[in-house]
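According to TrEMBL, the protein has these features:
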ACT_SITE  209  active site, charge relay system
ACT_SITE  241  active site, charge relay system
ACT_SITE  417  active site, charge relay system
DOMAIN    200-462  domain 'Peptidase S8/S53'
SIGNAL    1-27  signal peptide
């Protein structure tokens, strides 16, 4: 299987949009100062939906229905390049090179803004195979088409693609492209060119951007052709970026009396609109716009955009190189805004032929945001030139506010986007002056005549653009002289060609300044110039040779500048570079399946166990993960000497096998040609499941290579795995000893339910496979006569279907699935009650579980199917809609894979807890997704949600107990109208623990409060990572107060979407002495925050929580909950400034000092049935401030009132029954009951809370 690098997005290079971003390579830390990170929902090209949360790293996968009824499993991979989830039915197309793996890079898709709430389509670039295409085309390219697949149609698109019905040979992600934003004509010497009569007349410059506002006075009549490739349907600039760029190139300055004139005001403009009004665009649109611009005769093409850091091998860079070579067009491209780190050049600026532009300010200081070179992997000189790009004032498109508007006509903006059009305008001046020059010649002249402004060769290239010298200097040289990657020790030579356009010969003095990457002076002979002078004939050229000797000095990157000076004062600057690569050794990788046959589908990567070779002179040796491109189970990669671990997987799927192999070879030394064989025959079976008959509801197996941090290098967790869902796969792993460094770790995580179905033939119990949510809609005991397929009378009977072996197909399993569904449809039409299917192939496995059957469908293996066929008679089918128990098992091998790895867990090996999942609205769907995080051994956890009945009660068995494993347990409820709410809790189960008290999910009444951490919450541990901490609410931080904001049920489970609570349903008002205090105006705050006085004062907080109605998700909704749909709470409390740190397990919203305030928090502990009906005639109310609160005290009185209509209230008897707890006698009424509770503590803090319809009384 061919595997590629990280995904790309293309961006408008405007620094104003990225000023809050972290520098490249900076890892985002755990979420210490706020609620859990938002979950991102992304629909994949297969129709499957992935919900990704960065911290803690989790991916929940909701598979889309398949046309054959199967439930796909997912091969998972976690690396530094991204988190991938490959559907099992996509693997053949990926392996054949027909489907882009980046379509399944979850983290890259999120970074690219592909979430479902951001875009309704999936953009792809498809290559036709010559047949008529059966799909709508969005963008036409020279050899491909851009297609936007509506996400709701993704399952249908995928089914057609798999069936080869679309006329396509390949499909790849259409990567996102954005513009790149962050005195300039005088600074670059443009007036000298103007004085010579040069203004760009007769030259066409293409602006491939957001469009150009040709109604602007500075651009009136300038646009000679325009086209839209953004999908907006016209060429209007609704963003402003393109207009700003265009006026920097060719604006007349008419609206400013000439002050804001562009570099080439006489040039004509071509406008290819490739970005929409939000600055968004796709790679296919950009490529189509570029092709159009060249076809329109553009002499210069300005690309103020970026699509991520690459080595120039990406499609956009390759298109620039191809068109540059075939047409002579000059592409002037922004370097990117990913500075200040080096090796950060964006595509298409990484194209070798592009004139790549960095940015300086008006003092020629390097802009902090500008991307630096050199180019990845070969140290090619990039950028070649820099130009002004900070605070550039240029035309403002009508109705836009990009940058910092100056007036109605102009706006100021910064970025390499702004630097690039200065160079494009200068290129237009040269093209006018020398109409016979090619783009390559113009590039050479502009760069070699640039002014040295004191930065490194990989920061400024030759220097800052100097138009005056470019249009007047007689002597010029190449833009750069890059050796690229030099392998071996033989010397390499590069000719530097100088041109004398003058009428007289001259002799140029030459000097080479070069430095090692680490800044030291290189060894003599590492890079040398053939002479110190060069004779240049009139109107001719001459060469000087630069020689690189890799045998001199350490391997690594060397660079500098060759400077030529002429008697007339001319200076020619040519940056030079080389990457003297260390010796690389061929490493051959072979992957064999369990029969010893080369694997057809496999993924392998090699991980450098030293986290990169130590050589400060080589910036490219920090690559730790190396993908191996495999064809028919074999591949080869060249690597420097080190120790490597191989990690990979392959799968085997047929009618008789459903097998996933996790393969590893740890700490393999590489110092010469090496072969690594990952042999499936050496694997051992792996399982961790409960004793007895159970249904697998979800299973995830992860094989990880864990390397600890060393020195300044971050640690690494690389993972391959299987997210099997409910489909039973045989899992096998390579046995491995404990690693010498770090760990080779295995995690086998599964959720199982007690068997939903008993299928018996006489006294024999069979082992069918079935889809649990489907089969449990047919509850009860069913004794049915068994008849064969095609029987004359099938009414009310069980039909035994013996499926013949499929022929004439490359996917016999899918063919058998479809045959089973067809047989079920036929049986349903004949009045059958159920179908039992098996495949007539010796050793065939049960099919499925299959969804979408027309009646209850069970599948058997061939042996049991044949036995049932021979037995005949009748069958007994017992279906239980609610499980008696569910088993949540997480088995971790921290270092090494034992040879004996089949584990069975009894109930007494796990922690038992009776759980009730409450529901008081009809038709709700429940899901549980329980993750387990082994400390120090994970990066991302995958799971598929398990559907559970609501309401329901059963015993949850969890474990085995392990203090180094943190469980995140998530349960969600969804209503038919689209409302949904997920609640969660973090837990640690300890060794030897056997039982826990009963727990209740979604028990009434839901309420807003400040969360009290459960006793086993990992945030309480002194060594707990910040990621487990909970936000301090009802909390004061300095002089800012945050109200109680966690939304919890009666059992204290906090919703992970805490911010959704406030935006959807809560109003909060704060008063002091009846004077209302408005919240601070902070657009970045996720919650309201109120300013308080520094001195001690008394405040009144009024909060109303009203559940949302239809149309809202991720918030408490009236579609989900019949009770507590509205709650009104009034607190009075005294507060004074504190500098204390929060209690263990809590974090502040914006800093390190905050404290809970003495608000009395109420907890109505109601004994309720699963549908929230009161049991008995009493309940408890707990009243106390948060355990971490300052300034509170014991509650000294509490009164509870009840009502059946919200108007007439009756006080209830309330007796203290413990510290802060009262036992309340329930009213003798039937129906819904309102509750009003009032309390006061010894410090005078009070609370009054009214809960409408808190519960129902029988």
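Cβ atoms are placed via backbone N, Cα and C, with glycine included.
Remember, TrEMBL labels are computer predictions, not curated facts.
Locate each feature and note its surroundings.
Note on residue 209 (active site, charge relay system): other Cβ atoms within 10 Å of its Cβ, all shown chains, come to 33.
The DSSP secondary structure for residue 417 (active site, charge relay system) is helix.
Across the domain 'Peptidase S8/S53' (200-462), the prediction's mean pLDDT works out to 96.
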Quick one: among the active-site residues 241, 417, which has the most Cβ atoms sitting within 10 Å of its own Cβ?
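For the active-site residues 241, 417, the Cβ with the most other Cβ atoms within 10 Å is 417.
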Using Cα coordinates, what distance in whole Å links residue 417 (active site, charge relay system) and residue 209 (active site, charge relay system)?
10
Rounded to the nearest angstrom, how far is the Cα of residue 241 (active site, charge relay system) from the Cα of residue 209 (active site, charge relay system)?
7
Determine, from DSSP, whether residue 209 (active site, charge relay system) sits in helix, strand or coil.
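Its secondary structure by DSSP: strand.
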